[in-house]
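Below is one structure, written out as structure tokens; the observations come after it.
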Amino acid sequence: MSTISKHFLNDPSTLVQDSLRSLELINPTIAVDIKQKVAYIKDQPQDCVSLICGGGSGHEPAHCLFVGSGMLSAAVCGNIFASPNPSQVLRGLELVQNPNGTVIIVKNYTGDILNFGLAKEKYSAKFPDQASKLRFVVVADDVAVGRTQGAIVGRRGLAGTVLVYKIAGALAKRGGSLDDVESLAKCVAAQVGTIGVGLGHCSVPGSTRDDTLKEDEYEVGMGIHNEPGYLRSSPVPSLNKLVVDMVNLLTDTTDSERSFLKFRLDTQDRVILLVNNLGGTSELELGAVAAAAVLELERRKMVIERVLVGTFMTSLNMPGFSLSLLLLPREEDKHTVSAEKILQYLDDETEATAWKAAIKVKHPGQRGRSTTGDTVAQASRIDRCMEAPDKSAFVALVERVCMSLKAAEPEITKMDEKAGDGDCGYTLKNGAEAIIKSIHEGRINGDNVIEDARAIAEAVEMAMDGTSGALYSIFFSALTQALYDQATPNTAAVSREMISKALNFALTRLYTYTRARPPSRTLVDPLDAFIKAITSGKSWKHATNEAARAAENTKNLPAKAGRAAYVDQSNLDVCDPGAWGVKVILEAACAGLEE
């Protein structure tokens with residue numbers, strides 16, 4: 001079913017102009033011709049070559065946010081995914097006119113080629129003496145379009161375009177001649193390749209949204225205007241596997257259709273890596289993409305000279321990313337510019353609003369060693385002992401509780417999707433799995449329940465993130481302290497009275513770190529009910545029933561603490577997931593004790 005996509009805007013027809021107005025507000029060196037939708041350097045320098053680029057809007061920050069000294073002199077913006085018309089481009093050319101000439105850089109799309117080309121011809125007719133000072137560079141870096149498919153139209157221009165005008169723009173700022181700037185732009189354009197991948201199509205403001213990718217599908221080679229890619233498949237592979245496949249497409253020298261870059265794969269290939277967010281990928285995921293790409297290139301013995309990670313050329317809000325590799329020239333290749341010069345130009349400063357500086361990558365042998373947590377100092381052995389009355393039964397009981405928590409994950413997650421952020425079930429499951437691992441490693445064995453309580457505290461601390469992890473770890477750490485304080489040289493095994501006192505101490509200590517008190521619609525409701533019943537001499541069964549009632553009653557309570565306190569209270573028609581987790585733990589423990 002088609003639905004109108006949701007966006008933050010005043011009117012779809014004015015979105016481009018509304019966005020362009022921000023440029024003058026956030027960068028005082030930039031001016032905007034709102035009518036013709038041209039962003040340009042306010043005070044155009046007359047002592048250097050100018051660079052102009054453009055195309056349809058929807059790819060921001062490309063290209064208007066890359067206008068600034070050291071990059072573009074101007075950017076001409078069409079409507080969303082539509083090339084600007086020749087009159088707009090002509091206006092841009094007039095705004096950057098200077099005695100040194102202008103290099104026009106366009107992505108290889110028919111509309112851009114025709115409209116920028118026609119504007120170039122109109123400009124030459126209007127200013128015949130300037131005709132020789134206009135140069136035209138086309139960027140076609142998409143390796144997904146094979147030679148046969150692109151025999152007439154050629155490959156598409158993608159994120160590699162940004163590298164072209166950053167490097168050429170730096171040379172222009174340094175005073176490079178028109179011939180040199182054009183030659184450098186063409187050199188970089190010929191040496192860069194890009195491949196993109198998407199989990200879905202973007203939504204265009206004001207239009208209906210048709211999701212053409214299924215939930216378990218992904219598409220390699222998807223274009224930046226929602227064009228289909230060359231490969232659609234399912235299920236979505238691991239990120240590492242996906243990156244391997246993408247790097248293969250960029251570097252394979254045996255593919256007659258897509259081998260566009262002359263990699264020699266001899267450990268001497270030097271590259272610049274651009275990891276680009278296509279619009280809807282989180283920074284968290286993009287960081288993982290960058291790590292996977294760097295490690296894969298290093299595995300192939302490539303020398304990564306620079307890495308750029310961020311949002312450079314988008315497709316509105318497309319959930320996807322692209323990888324670009326700029327293969328640096330070697331001395332023996334006799335290029336007009338050296339690899340060192342290209343790196344210098346890339347590193348040069350710019351006043352462009354959206355540019356992110358390239359990072360110089362340390363080669364593997366130069367990096368410090370990362371730790372995995374194994375180097376953390378081990379806690380000292382506890383010098384007091386309390387054995388479990390039945391060691392094997394104790395261990396079986398702990399494992400039973402953990403298995404019950406794992407089984408309850410879907411139910412708890414469903415509750416938390418309404419009452420919180422949806423992670424409670426997985427968090428408790430992670431804690432349960434960490435405790436089971438400690439059992440299998442022999443760290444929880446019933447020989448000393450004080451040590452066992454500490455092992456549980458440490459396991460949940462490391463495995464359970466967020467508030468619940470901290471609360472459980474505080475509780476079991478305090479339980480460890482209370483059991484230790486009660487132990488004497490004459491203590492043989494832990495007793496119910498000792499456990500009762502330890503539970504009460506742990507709850508009191510927990511209350512020093514949270515303001516939640518029953519009834520609060522949190523995990524303290526059943527925990528408090530259980531411990532009060534136990535300390536008053538009630539049976540395990542009775543105390544567990546009290547806890548269950550308290551957990552079930554949270555459905556009728558307004559949230560006063562936790563994430564649920566921030567959501568619409570009218571939608572809280574489920575029990576608190578944290579309280580339900582405590583109920584699951586206690587009921588599993590009680591059932592185990594009764595057997």
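For all residues, glycine too, the Cβ spot is worked out from N, Cα and C.
Per TrEMBL, the features are as follows:
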- His225: active site, tele-hemiaminal-histidine intermediate (ACT_SITE)
- Gly56, Ser57, Gly58, His59, Lys107, Asp112: substrate binding site (BINDING)
- 11-355: domain 'DhaK' (DOMAIN)
- 392-591: domain 'DhaL' (DOMAIN)
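Overlay of TrEMBL feature records on the structure.
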residue	record	DSSP class
Gly56	substrate binding site	strand
Lys107	substrate binding site	strand
Asp112	substrate binding site	helix
His225	active site, tele-hemiaminal-histidine intermediate	coil
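The average pLDDT computed over the domain 'DhaK' (11-355) stands at 94. Excluding the listed site residues Gly56, Ser57, Gly58, His59, Lys107, Asp112, the same chain places Gly54, Gly55, Ala62, His63, Cys77, Gly78, Phe81, Ala82, Ser83, Tyr109, Ile224, His225 with Cβ atoms within 8 Å of the centre of the substrate site Cβ atoms. Note on the binding-site residues Gly56, Gly58: the fewest other CB atoms within 10 A surround the CB of Gly56. Taking the recorded positions His59, Lys107, His225 in turn and counting surrounding C-beta atoms within 10 angstroms, the largest count is reached at Lys107. Of the recorded residues, Gly58 (substrate binding site) and the residue listed as 'active site, tele-hemiaminal-histidine intermediate' place their C-alpha atoms 9 Å from one another. Binding of substrate is attributed in the record to Gly56, Ser57, Gly58, His59, Lys107, Asp112, and the widest Cα separation among these residues amounts to 15 Å.
Cβ environment of Ser57 (substrate binding site): Leu15, Val16, Ser19, Lys37, Cys77, Gly78, Asn79, Ile80, Phe81, Ala82 lie under 8 Å away, each six or more residues apart in the same chain.
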